[in-house]
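Here it is, the structure in full.
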Amino acid sequence: MSEQKKRLLVMAGGTGGHVFPAIAVAQYLQQQGWDICWLGTADRMEAQLVPKHHIPIQFIQISGLRGKGIKALLSAPFSIFRAILQARKIIKAYQPHAVLGMGGYVSGPGGIAAKLCGIPVILHEQNAVAGLTNSWLAKIARRVLQAFPTAFPNAEVVGNPVRQTLFSQPTPEQRFAGREGKLRVLVVGGSQGARVLNQTLPNVVAQLSDKLEVRHQVGQGAVEQVTTLYPEHASVTITEFIDNMADAYAWADIVICRSGALTVSELAAVGAAAIFVPFQHKDQQQYLNAKYLADAGAATIIPQAELTAEKLVSVLTQFDRETLQQMAIKAKAMATPLAAQRVAEVIIEEANQD
């Protein structure tokens, strides 16, 4: 009789920063013969994204409380209790050998339900500062892993699992060899587009159009509006989305973008210099993510409050290709190519203990 397949329940949802690293770990374990099931919510991005990667998904009902009215806050205990019961039912039916929490609202009830069922919980924090759910779950998790060394004082640093295609790009030395002409600037606003970048970059290009070639990802529905802001004869390509981020990063001499955890880890994986404009948040999550590469000499940080076309022109004109190549090499040195493998190894270790 063949040995029974090991089963992993993955809890991750809400944003690509949680979901994509979790998919990377899930796919690695699938290649090792594991069975994977996903716990998510039906109204967030994981509902469409996860099945496309051939991973079955189950849903519970839970949402965040930030910015909600008094009625939602008063009903929160009932909503959380209901979500725990829903997660417990799924866990009882699936009987996983381990549960991986990668963040998002779904991880809270799922983690509690797993603990109640006696299933080992392995937690991974993608950001440089832990979110509320993960801060609480860390108290009941069997193992806590982190991408950056600042989220938890005693957790193992493993990096962020990212797509392997990012690591297979040519090295910075290979990419920069023989490059001439205008500096290649990639502007990435994310799935929503970063309005502040969409408004600022056209003015930068107006001042430096003879020195820059720009690819600008503006987000859904913004192409027409942003196109009208750019000078007519500038070397600019504008798109809603970029399907192949690995190739786009590799094309660029420098990337201007937000500093979500996944973006920072992807830039390190490829080895690309960056100008980060962190999203303003009270816990400084994106600023601390950006600092990881900035402290290594691989990036510059411009706080959003200080971002003007003049400031960006000043920063860009300080760079030449030799400087940007050295920054890219430093970024590559901060990459963690074995992150997905290491998270998977910890899951296997804990599953084998029970």
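In case you wondered, yes, glycine gets a Cβ from its N, Cα and C as well.
Quick paste from Swiss-Prot:
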type: BINDING; residues: THR15, GLY16, GLY17, ASN127, ARG163, SER191, ILE242, ALA261, LEU262, THR263, VAL264, SER265, GLU266, GLN286; note: UDP-N-acetyl-alpha-D-glucosamine binding site
Taking every protein chain shown into account, which of the binding-site residues LEU262, VAL264 has the largest tally of Cβ atoms within 10 Å of its Cβ?
VAL264
Under 8 Å Cβ to Cβ from THR15 (UDP-N-acetyl-alpha-D-glucosamine binding site), same chain, six or more residues apart: give me those in sequence order, or none if nothing qualifies.
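Once residues fewer than 6 apart are set aside, THR15 (UDP-N-acetyl-alpha-D-glucosamine binding site) is near MET45, GLY104, GLY260.
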Output, ordered by sequence, the same-chain residues six or more apart from GLU266 (UDP-N-acetyl-alpha-D-glucosamine binding site) with a CB under 8 Å from its CB, or 'none'.
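Listed in sequence order: VAL162, ARG163, LEU166, MET245, TYR249.
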CB neighbours of GLY17 (UDP-N-acetyl-alpha-D-glucosamine binding site) within 10 A?
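Its Cβ has 23 other Cβ atoms within 10 Å.
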Under DSSP, is GLU266 (UDP-N-acetyl-alpha-D-glucosamine binding site) helix, strand or coil?
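In three-state terms, GLU266 (UDP-N-acetyl-alpha-D-glucosamine binding site) counts as helix.
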Which residues of the same chain, at least 6 positions away in sequence, have a Cβ lying under 8 Å from the Cβ of ILE242 (UDP-N-acetyl-alpha-D-glucosamine binding site)?
VAL188, ARG215, GLN217, ALA248
